[in-house]
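Here's the structure, in structure tokens; my notes come after.
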Amino acid sequence: MAVGVFDSGLGGLTVLDAVSRRLPEVPFVYYGDNLHAPYGVRDAEDVYELTTGAVSRLWDEGCDLVILACNTASAAALRRMQESWVPSDKRVLGVFVPLIEALTERQWGDNSPPREVAIKHVALFATPATVSSRAFQRELAFRAIGVDVEAQPCGGVVDAIEDGDMILAEALVRSHVEALKRRMPHPEAAILGCTHYPLMQDVFQDALGADVKVYSQAQLVAESLADYLTRHPDMLGLGAEPGFLTTGDPKSVSNKATQFLRRKIEFRAVEPL
């Protein structure tokens, strides 16, 4: 009954932590493609090939349902995967859906025409690849009209977090927020469009100001997954053991992951498919 969680590196651990707390009875298998991280500077074809390989590995681990806890993969690969690659007995879900549900206050199954929503000015902070894909704006446009989205590519932040350099990460976040606010001085809401960024949520909030509502994905994804599994209990795979897989150095990744989650995490090495 295992569920897979995939990320290019360690950022998806924020999602894993939230879904594990929300669904303690479900075993989760986490796959971090640390060898190829970060994805945010790769082109769409490269991201697609790496993501399909990772998802295939999680299927081999008995996870019929896989969460792409990586915004770059969700933006650059998910639609193509769902349209032409994922078999009918498997599911791959991305992390944009819960964000857009929260922002527009309407369910994903609601296919009525787009309508006006309360929030008009949204700041999007994401990797360069996610920003260039315009996937968030495209999905939002299906459900809402009249929303001005200003996107800021946050180069360097993921690398700093993966390296454990939180001082550099904070400086970069403040610089990126300042750059965005020169173009959109008064955003009403901010989307942290990378699963690494919740680790810096307090810094984003401080730099943006207390009056800006900051949407972070981990809790939203956890609630969305719980709802999905209630409606589709058959998508719990045959895998029964939780685990942590990495294409990187397992000792180094384990040490960093333990620092991330403040509990002992042990990864085992796998070869990328």
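The count begins at 1 with the first shown residue.
Keep in mind that glycine also has a Cβ here, set from the backbone N, Cα and C atoms.
What Swiss-Prot records for this protein:
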ACT_SITE  Cys70  active site, proton donor/acceptor
ACT_SITE  Cys194  active site, proton donor/acceptor
BINDING   Asp7, Ser8, Tyr39, Gly40, Asn71, Thr72, Thr195, His196  substrate binding site
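Structural mapping of features recorded in Swiss-Prot.
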| residue | record | contacts (Cβ under 8 Å, 6+ apart) |
| --- | --- | --- |
| Asp7 | substrate binding site | Leu13, Val15, Tyr30, Tyr31, Gly32, Asp33, Leu68, Ala69, Cys70, Ala73, Thr195 |
| Ser8 | substrate binding site | Gly32, Asp33, Asn34, His36, Ala37, Pro38, Tyr39, Gly40, Leu50, Cys70, Thr72, Ala73 |
| Asn71 | substrate binding site | Val95, Phe96, Ala126, Thr127, Thr130, Gly193, Cys194, Thr195, Gln217 |
| His196 | substrate binding site | Gly9, Leu10, Gly11, Thr14, Val157, Val158, Ile161, Glu162 |
Statement: Taking every pair from Asp7, Ser8, Tyr39, Gly40, Asn71, Thr72, Thr195, His196, which the record gives as binding substrate, the longest CA to CA distance in angstrom is 12
- request: Please classify the secondary structure at Asp7 (substrate binding site) using three-state DSSP.
  value: strand
- prompt: Other than its own, how many Cβ atoms are within 10 Å of the Cβ belonging to Gly40 (substrate binding site)?
  reply: 29
- request: Identify all same-chain residues not among Asp7, Ser8, Tyr39, Gly40, Asn71, Thr72, Thr195, His196 whose C-beta atom falls within 8 angstroms of the centroid of the substrate site's C-beta atoms; report them in sequence order.
  value: Gly9, Gly11, Gly12, Ala37, Pro38, Ala69, Cys70, Ala73, Thr127, Thr130, Val158, Cys194
- prompt: Going by DSSP, is Asn71 (substrate binding site) part of a helix, a strand, or coil?
  reply: helix
